[in-house]
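Undergrad: Can you read through this structure? Questions will come right after.
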Amino acid sequence: MADIPERPPVMRGHPGTREISGRIASIVLKGQMPRFFWLAFLAAFLLVLVLFTTVAWLITQGVGTYGINIPVAWGTMLSNFVWWVGIGHAGTLISAVLLLFRQDWRASVNRFAEAMTLFAVAMAALFPILHLGRPWFFYWLLPLPNTHMHWPQWRSPLVWDFAAIATYGTVSLLFWYIGLVPDLAVLRDRAKNRAAQLFYGILALGWRGSAFHWARFDAVYYLLAVLATPLVVSVHSIVSLDFTYGMAPGYHSTIFPPYFVAGALYSGFAMVLTIAIPLRRLFRVEDLITKRHIDNGAKIMIAAGLIVAYGYAAEFFFAWYSGNPAERMMAWQRLVGPYAPFFWVMLACNVGVLQLLWFRRVRLWMPALFVISLLINLGMWLERYVIVVTGPSTGFLPAAWGTQSLQWVDFGVFFGTLGAFFALMFLFLRILPAITIFEVGELADERREA
Amino acid sequence: MTTLPEPSGVKLGLVIDLDICVGCHACAVACKEWNTAAYGAPLSDQDPYGADPSGTWLNRIHSYEVTPEDAPQNAPPQIVHFPRSCLHCEDAPCVTVCPTGASYKRAADGIVLVNEDACMGCGLCAWACPYGAREMDAAEGVMKKCTLCVDRIYNENLPEEDREPACVRTCPANARHFGDLGDPDSDVSRMVAARGGVDLMPEQGTKPVNKYLPPRPKTRETPPPARPDAEEAPGGFLGWVDRALALLD
């Protein structure tokens, strides 16, 4: 096990701005990827092919090919959706909220966390489309004048979902891209070949780094941070309203918005650590993404995870306290019903494994933390699945009970989106700087001055 | 935008007598047959002759062995057959959650329908309906539901006596009744008043139009006495045959 320093620093050593920009830019410009990088990309790409195949099958054969069964109208498509949206939340928290709170430790991790947000939201956006009986009509959710005389009904939570995800995706993309502009200019200036100069030059939008540019940049960047901050809370709250509007036991509950937001941050930080731990090792940037970052991420997971655990307890308490037999039946079914194995594994991962993070040695031991992050990712997916299926499957009316069963399409779509997500992450690591050059440079300057 | 219409005086709906229903499924079959060729056509089936058949049924019957809470101790359970279909709720949550306005409630007679052309098949209405009355047609990718045979009840090409839902027309036990529950003097309203008809899960606040007539209490505390003549030897020609056959044993 690693030695435990008193409090790991935000940055190890005293590198200069030039050294930092050179190191980070060379990862992209020289293209010297770590061993197995392209092999891992190929594996992810194969999963993308699985996604295409499964989606083609799903669209041509219909939604009956995945295990939905009325009244369980939405199966894994909704649990995948909620899981992926949740993954994105950590990126927004790191990039926007921590920026406004002037937390300097965000500088090394915000760029790839924002990329993670963007790709996770892209994956999430697939599911509200794929779950439709007629997915080719998804554009009816857009407020577009059309000849069909359809207009989205704003009383419907599905329309709120669409608006929330579209807003989140747009703001995340703008925030990510605006933050990239100074770094793209660095890449443009450091690129040796003409194609790279042109590519990064066009993307850099003529950035020269003048005081005027920086003033404009700060105004826009902080404005976007202010716009993105409420989205950390609002997006998953709106997603949770899909459930609270459903008349099924366990759904019609006021606890859902905070419970979902905490769950989103929990799973999001688990994914940040899942990416950060191998990233810092493989690209040899342990001095920039230090154990301080990892430790802070783990501490946020403890806080979010405890709120989630409280949510589990509250669900059971209110099921009992309501005195409603249907609510009690739903809670009991979670413990012993057909989905009980999922529930117990979920509890073991999200509440049991979480307790290990109280120990500082565990938080600073990278292999253990990596495994814990993976388990929490699994647990959070199971949580969403358990919530989605147990309510409607044992609804208020026993005559309308039904169960959802996992089919190969469920697995194909989920693992396909995982492949697409990581394929996009690999491309991002290859093409764009995964660590913010200018912010880490500023941090280094501040440290040198101090 | 889909909103619920102002309630009109007319509330067409069904009254289902749980005391009489024998669970023969004739209503479900008649419903399937009519609607396969009518308003919601076709009602698809998946793997109909296979090991795990499934399909779209707008009316489903469930049978339960029930012992009433107030039944005497050791009272035998009674069988209750429970037909389940759309209840055409006054405050229909399936209508207000529909993102495209495909799900709607008619102002004139209160029937809840789905405009299948406008349905994306998002399933939100199935989620919102506490009665599980929505059916996803897996082949069409759209939601379907009981139409109260809207294409029969106003169909002037049909004889007058056939202008009622297929399930009502076919019920051999006369357990299903159709009429205007908004009119207190209609046959169905008087039947509901006389028999103490109930809403299904009124606590959900959906104000269903359809009503269920509860099973009459069964008094089976002591078995009915045997007929006084049951022990007597049969007489007449059949008695003679009976005695003759007994001699052959």
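The backbone N, Cα and C atoms fix where each Cβ goes, and this holds for glycine too.
Found this in TrEMBL, in case it helps:
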TRANSMEM  A:36-59  transmembrane segment
TRANSMEM  A:81-101  transmembrane segment
TRANSMEM  A:113-142  transmembrane segment
TRANSMEM  A:162-187  transmembrane segment
TRANSMEM  A:219-239  transmembrane segment
TRANSMEM  A:259-279  transmembrane segment
TRANSMEM  A:300-321  transmembrane segment
TRANSMEM  A:341-359  transmembrane segment
TRANSMEM  A:364-382  transmembrane segment
TRANSMEM  A:411-429  transmembrane segment
Undergrad: Could you tell me whether the transmembrane segment (A:36-59) and the transmembrane segment (A:219-239) have 3+ CB pairs under 8 A, leaving out pairs under 6 positions apart?
TA: no
Undergrad: Does the transmembrane segment (A:411-429) make contact with the transmembrane segment (A:113-142) through 3 or more Cβ pairs under 8 Å, each pair 6 or more apart in sequence?
TA: yes
Undergrad: Cβ under 8 Å to the transmembrane segment (A:341-359), counting only same-chain residues 6 or more beyond its ends: which ones?
TA: 266, 298-299, 301-302, 305-306, 308-309, 312, 334-335, 368, 372, 375-376, 378-380, 382-383, 385-386, 390
Undergrad: Would you mind listing the long-range same-chain contacts of the transmembrane segment (A:81-101), meaning Cβ under 8 Å and 6+ residues beyond its ends?
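TA: 109-110, 113-118, 120-121, 123-124, 127-128, 131, 165, 168, 172, 175-176, 179, 221-222, 224-226, 228-229, 231-232, 235-236, 239, 260-261, 263-269, 271-272, 300, 380-381, 384, 388, 417, 421.
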Undergrad: Tell me if the transmembrane segment (A:259-279) touches the transmembrane segment (A:364-382). I count contact as 3 or more CB pairs below 8 A, with pairs 6 or more residues apart.
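TA: Since 3 or more Cβ pairs under 8 Å link them, the transmembrane segment (A:364-382) and the transmembrane segment (A:259-279) do come into contact.
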Undergrad: Report, as numbers and ranges, which residues of the same chain sit near the transmembrane segment (A:162-187): CB under 8 Å and 6 or more residues beyond its ends.
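TA: Those are 21, 24-25, 28-29, 85, 88, 91-92, 95-96, 110-111, 114-115, 117-118, 121-122, 124-125, 128, 141-142, 152, 196, 200, 203-205, 207-209, 217, 220-221, 224-225, 227-228, 231, 234-235, 238-239, 432-433, 436-438, in sequence order.
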Undergrad: May I ask whether the transmembrane segment (A:300-321) has at least three C-beta pairs under 8 Å with the transmembrane segment (A:113-142), counting pairs 6 or more apart in sequence?
TA: no
